[in-house]
């Protein structure tokens with residue numbers, strides 16, 4: 001409620017208890033205002049009102065669950081998670097049992113609300129492998145029960161056609177350890193008949209559309225709903241919003257999770273298939289009007305799938321067994337009676353299969369631990385229904401809602417009265433409609449409608465619609481909540497057919513057709529297979545069984561603490577954003593929401609424990625702010641006196657304060673909001689000062705630490721430096737003392753220092769070349785020849801291949817002439833002249849050779865002309881030694897040569913009878929060679 005107070009001016013009021021006016025108009029206006037902003041949840045105290053938005057809202061994720069876990073009920077905006085969480089934590093705290101009643105019309109969102117609660121418990125409760133298995137089974141029981149118990153109706157594509165009560169069992173630690181389901185009033189008539197625009201139960205379509213070809217063949221079925229009488233009466237087997245193939249996969253998977261083995265699953269589908277085959281059984285009439293089977297094929301499939309004798313099955317469908325003393329007589333059915341018998345059998349088979357299915361699910365979720373458990377029950381059941389034609393099903397549904405409304409008012413009033421008494425507050429009687437008179441009209445023994453219906457169905461002779469109606473008029477003709485065409489006044493009679501009767505329920509008038517006619521006589525008389533087939537005891541009718549089940553349910557609920565969720569449809573067309581005010585008003589009335597609001601608002605609209613109230617509003621009084629040191633009740637008394645509460649506006653209980661009017665609370669809340677801003681400013685200033693001081697203190701401490709660390713670091717560096725210096729000095733002294741010894745660990749650093757010092761001094765006074773004999777500085781012994789080695793290395797690295805060749809020749813010269821020829825030492829410093837020699841010879845038989853020598857100086861002599869008898873041997877060896885074969889040139893005629901610079905000559909070659917050499921008249925040297933004949 002604190003959250004509602006804070007948000008009341010934003011989007012309506014989150015709790016209807018805080019409305020200024022408790023009128024229907026104010027109620028609807030607030031509901032519409034919140035719905036327009038997608039706020040679909042609103043409280044009436046601890047009751048949750050939910051309006052179906054017909055669209056997905058992002059309010060059901062894990063983040064939202066975490067927000068509502070363990071939070072006070074009124075601290076956050078209304079949500080189904082808040083109700084689920086508070087029921088859970090109250091159960092753990094008080095170690096008692098609770099139930100959540102979810103009610104509303106078809107399509108209002110009851111089934112979805114139940115799912116959301118189960119999903120919340122699956123996430124919020126402690127988790128182990130075993131517990132996860134239990135939760136999985138609880139969650140996966142939903143798609144199975146929806147497949148077998150839900151169907152498309154005009155109002156809802158996934159309408160629950162049965163009432164479900166599910167107990168979730170918790171151990172002392174809050175772990176979900178088991179579950180149990182009770183089902184009520186399955187709409188079995190839907191198996192054999194569907195109104196236009198409606199479908200049979202989902203499982204039939206899922207099997208035919210989603211089952212494998214092998215499975216369908218095994219069951220004798222064909223794919224396609226059009227082949228089956230029980231699936232085509234509503235003329236809408238295909239629905240865009242329903243995917244039967246995908247749903248079939250979901251159901252198959254869910255059956256495995258809830259421990260259905262393959263055998264049980266196959267048997268289950270065989271029963272479902274038998275119902276489809278049974279619906280295709282046709283009857284003809286013989287000449288006497290007796291029923292005959294048109295085709296035995298479908299009957300044989302039913303016999304095989306159910307494992308019953310085909311002859312006895314045929315006999316049961318076409319004959320009535322009449323017992324007279326010890327004799328049995330078979331009376332043939334007419335075609336109509338045979339069809340009724342066929343449909344009755346189909347409904348009985350499906351109804352009992354559904355009960356078996358629920359029992360198997362219960363076995364899979366059963367908790368075998370004998371220790372005490374607490375439970376939270378979820379009751380998902382029809383809301384009050386009023387149609388254009390209201391028959392047996394609507395009578396049972398509205399009877400159920402009448403009983404639940406009676407229980408609801410009793411529990412609410414009881415809870416309110418007990419709280420008042422516990423707090424020592426005088427209880428003020430609340431005016432409300434007590435519907436006990438209507439419950440008695442329906443269920444009272446011997447005189448109620450149900451008792452009269454039992455008698456009429458089971459009495460000897462033919463029971464008709466009129467005999468039953470006459471019986472009702474006879475027994476309850478003077479009842480103020482019962483009227484028929486015969487008993488009504490002139491004006492009312494115009495609104496009633498002769499076969500109708502009208503009940504004035506707590507939610508309004510409802511006109512019912514005579515039940516036996518609408519139920520085709522078999523629904524009312526149908527018996528369950530738990531009876532002994534040979535017993536002659538009178539069986540209970542369906543409505544009597546329902547009455548007994550409802551009585552047991554009431555006993556279960558009375559023993560638990562109640563929480564309520566009322567689901568509303570926003571419009572009939574299932575369109576998002578549409579708020580049909582007339583439809584909402586209708587549902588608000590039929591769900592008794594105004595009754596509940598009046599009960600909650602009777603006396604005092606608001607009550608809170610003293611410590612909670614004081615904690616919230618203590619800033620409004622200087623005496624209580626910032627801390628109240630005394631008893632909380634005394635602090636609240638001081639606070640309200642300071643606020644100026646009048647004596648009739650509040651009462652002080654034993655542990656709570658009670659405030660009568662919402663306006664008083666709103667005035668307090670407005671003052672708190674104003675004060676809160678002022679306090680926020682002061683707190684911010686204080687906080688900023690505190691943060692600034694803290695920041696300054698931190699910075700000062702940090703600076704001190706940094707300075708301390710810096711000084712320590714510097715001192716450590718100085719210490720290390722001095723230690724290093726002492727070590728170096730010691731080594732230097734020791735090295736000096738051992739400087740004359742061979743290099744070792746003691747003097748190696750000293751010798752390196754001496755060598756380095758010498759090199760630094762020598763750097764500016766070095767010989768320029770290897771051959772420079774400039775005196776050096778006197779070196780220490782350790783540096784002897786060091787510079788020479790360096791310069792030699794540098795000189796050697798700079799020698800070209802040509803110079804290297806000359807040095808090699810110098811080395812040969814040295815070995816030949818050193819110490820033998822006086823002029824050798826002067827030649828050492830000079831490189832060999834680059835003397836290139838070319839050789840020319842003639843092409844004739846002479847032995848003349850001309851050596852062309854390159855001169856470096858003009859005074860040097862020129863070319864050399866020699867005669868050698870072994871010309872070929874000499875020139876060949878020269879070529880090999882010099883590795884230059886192209887140095888020899890063979891010419892024809894004459895060879896020119898130089899004697900010295902500027903003076904040349906020539907050698908002419910010719911042939912003659914005998915060889916000779918002479919100087920010719922032209923000054924050339926003439927060489928005559930003899931002729932060689934080949």
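Note that Cβ sites are derived from N, Cα and C of the backbone, with glycine treated the same way.
Around residue 111 (ATP binding site), taking its Cβ as the centre, 23 other Cβ atoms fall within 10 Å, counting all chains. Per TrEMBL, the feature ATP binding site maps to 104, 105, 106, 107, 108, 109, 110, 111.
Among the features that TrEMBL reports, domain 'Myosin motor' is placed at 11-673.
Positions annotated as domain 'TH1' by TrEMBL: 743-931.
Under the heading region 'Actin-binding', TrEMBL lists 550-572. Panel annotation: around the region 'Actin-binding' (550-572), residues 31, 35, 46-54, 80, 83, 86-87, 90-91, 96-105, 107-110, 113, 155, 165, 182, 184, 375, 377, 379, 383, 399-400, 403, 407-408, 411-412, 415, 578-580, 583-584, 587-588, 591, 593, 596 of the same chain, lying at least six beyond its termini, place a Cβ under 8 Å from a Cβ of the stretch.
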Discussion item. Looking only at the region 'Actin-binding' (550-572), what is the model's average confidence as pLDDT?
Written reply: 88
Worksheet item: What are the DSSP helix, strand and coil residue counts for the region 'Actin-binding' (550-572)?
Response: 9 helix, 9 strand, 5 coil
Worksheet item: To which of the binding-site residues 104, 107, 109 does the lowest count of other Cβ atoms within 10 Å belong?
Response: 107
